[in-house]
Ligand SMILES: C[C@H](O)[C@H](O)[C@@H](O)[C@@H](O)C(=O)O
Ligand SMILES: [Mg+2]
């Protein structure tokens, strides 16, 4: 039976939240002082927009089939991603059958190997891949999770990432992950402030609620080890992305040195099965956290997840809205999911890619029934009020 073919791929950009969720207005918790690899420079310490964390913007990829069905997806990628789609990747997409997802992925990856492998090129490939899975789901009239083998549980449970784990507990989440504020450049005084904040949050949430620190690549092994040792008193559940992504050796050391029982997690800025093979085979972490919009898409995350499963490791994808929910609900080794609190004060649940997607499901009382994910594809629509621009055409 001949399947519909892909008639056209189009790439758009949009600013202001959406998939580039760091692209927020001033005063948002996600742009408050947060430790980063740039914090050693005082002029770039107080906000992440100051060093350009929001420069890319959102990439939107649409794939239109010969029968008129349109699939789409969004990720962090902006104009660079749009150029890569229109000027390079389109040739591997247009004319293919909607079922040739694996072949399209392999051609996109190998054709960009000389300038890609990680970062915005893999973000872009991920976005095309997600759009293709959305298209296939819409052509088959099935949600993506059904194309992946179907749910292994009736609902998703979430931890919340944001500045207010105390409020996250009240909203029914299973835990709260806070951004680390002070990095090594602020010395022992900053380390003490990090521990005092953790202590304050622990007394606010009580003993039976997970608390985690997200260190966003900002530390060195010694600082991270001392932070972990100090945090043990407050039952820190995991220390996340303590080191730069390429420091596999440092992660292996940190994992050996943290207090027994504390998890070392990382992976949101890692890409492809080869990057995660390094994390797994070098014993770098307890839980890998690929972002499906940054690691290579669903097609690559299937491979990454199977590799992790063989290593008996959990895969808890970095929050990426419906794109991770449809995956997590189908995997035994993904027992819970991340929800990023995108309200400016982290005091209410709003859709993660707000305002870009319509019908974007959100957790209720920290949970989401599988039935909330039953529309075809990823079950979301682009918000027509968000003005897209198409900077390049092929
Ligand atoms: C909250 C963290 O600083 C990042 O902004 C967040 O995107 C990411 O690290 C996460 O794990 O959610
Ligand atoms: Mg993180």
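Cβ atoms here come from the backbone N, Cα and C positions, even for glycine.
All TrEMBL annotations are machine predictions without curation.
Note that the structure is predicted; figures quoted are calculated from it, not measured.
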Q) Looking at TrEMBL, which one out of 189, 196, 240 binds Mg(2+) in the same site as 214, 268? A) 240
Q. Among the recorded positions 22, 48, 318, whose Cβ has the fewest other Cβ atoms within 10 Å?
A. 22
**Q.** Around the Cβ of residue 338 (substrate binding site), the count of other Cβ atoms that are within 10 Å
**A.** 23
Q. Relative to ligand 2, which of the binding-site residues 22, 240, 268 have a Cβ found under 6 Å from one of its atoms?
A. 240, 268
Q: Identify which of the following recorded positions, namely 48, 214, 318, place a Cβ less than 6 Å away from any atom of ligand 1, and list them by sequence position.
A: 214, 318
Q: Rounded to the nearest Å, what's the C-alpha distance separating residue 240 (Mg(2+) binding site) and residue 291 (site 'Increases basicity of active site His')? Just drop the number here, would you?
A: 14
(Q) Please compute the mean pLDDT of the model over the domain 'Mandelate racemase/muconate lactonizing enzyme C-terminal' (155-259). (A) 98
